[in-house]
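Per TrEMBL, the features are:
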type    : residues                                               : note
DOMAIN  : 5-69                                                   : domain 'Release factor glutamine methyltransferase N-terminal'
DOMAIN  : 110-184                                                : domain 'Methyltransferase'
BINDING : Gly118, Thr119, Gly120, Cys121, Gly122, Asp141, Asn184 : S-adenosyl-L-methionine binding site
Amino acid sequence: MAQSAIQLAQVGIKSARLDAELLLMSALNISREKLITRWTDHIHADQLAAFQLLLARRLKREPLAYITGNKEFYGMKFLVDKRVLIPRPETEILIERTLHYVKQWEFGHDQLALVDVGTGCGNIAISIAKTANFVKIFATDTSPEALEVARINASLQSLDQNISFLLGDLLAPLPQPVNIIIANLPYISESKYEGLEPEITQFEPREAFVSGVDGLDHYRHLLAQTPQFLLQNGIMLLEIDPEQVPAMRALIFKYLPQSTIEVLQDGQHLDRTILVKA
């Protein structure tokens, strides 16, 4: 284990020790608790071979989530592969703030409707559906392959009947207006993308990250569609790059001039989410 961690560190992986442990857990198909209790156990040759194959993939900087086939997000495990972006912990603020507003709507209103735009593996829509089963949830994506993964994840959580997955361009597939629009769309500029770590540039889908010269093409398109699909007194929650706050303010006021804006920080105290109240 120590030697594996050293190898991972030598190729630039900061979480080398943790990654080595997670790879071993995957090879042995055991939990962290069992790994601790079996720490001094002998590893059989076939188990060692399986671990070495996984380690070789990580040494090539393939993301850990693609190697193990899953990623934990908001207390649940999601199936992930090269068809979808790997969920990041900073996105959990979208869930937390959405549920905050959903609870205010729970009593005394018509059925609440929301959309997760660019759903990917479905982690946002599924996390909300798990807690707020009274909400009408739509999830859209332009990728049929991503929607396949999202449907599998919804089924694994027994929530496939709670979410309508729709193929199409952002809000365009919606059959009705909604109260809440949630979007974690591509927001990386073409130039910034080239400097990202190889786990991203060599393995994750490029189209899940890059959005034109300034990283805002997708949000321009979304905001242009929004007046048609966001109900009065509705809200939007948009994940962004911290450097994009001024440009996003201008875009939002262009398409929603009467709206108010609040900037929310992630766990690293970075401006990560824009809350728009229409």
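Glycine too: its Cβ is placed from the backbone N, Cα and C atoms.
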Additional residues around S-adenosyl-L-methionine, ordered along the sequence, whose Cβ is within 8 Å of the centroid of Gly118, Thr119, Gly120, Cys121, Gly122, Asp141, Asn184: Val84, Leu85, Asp116, Asn123, Ile124, Ala125, Ala139, Ala146, Ala150
Helix, strand and coil counts within the domain 'Methyltransferase' (110-184) (DSSP): 22 helix, 22 strand, 31 coil
Site with most surrounding Cβ atoms, counting all protein chains shown within 10 Å, from the binding-site residues Gly118, Gly120, Gly122: Gly122
CB contacts for Asn184 (S-adenosyl-L-methionine binding site) [other CB atoms within 10 A, all chains]: 24
Structural state census, the domain 'Release factor glutamine methyltransferase N-terminal' (5-69) (DSSP three-state): 45 helix, 0 strand, 20 coil
Residues Gly118, Thr119, Gly120, Cys121, Gly122, Asp141, Asn184 [recorded S-adenosyl-L-methionine binders]: greatest CA to CA distance in Å: 12
Proximal but sequence-remote residues of the same chain as Cys121 (S-adenosyl-L-methionine binding site) (Cβ under 8 Å, at least 6 apart): Lys71, Phe78, Leu79, Val80, Val84, Leu85, Pro87, Ala146, Val149, Ala150, Asn153
Neighbour count (Cβ, 10 Å) for Thr119 (S-adenosyl-L-methionine binding site): 30
Averaged pLDDT score, the domain 'Methyltransferase' (110-184): 96
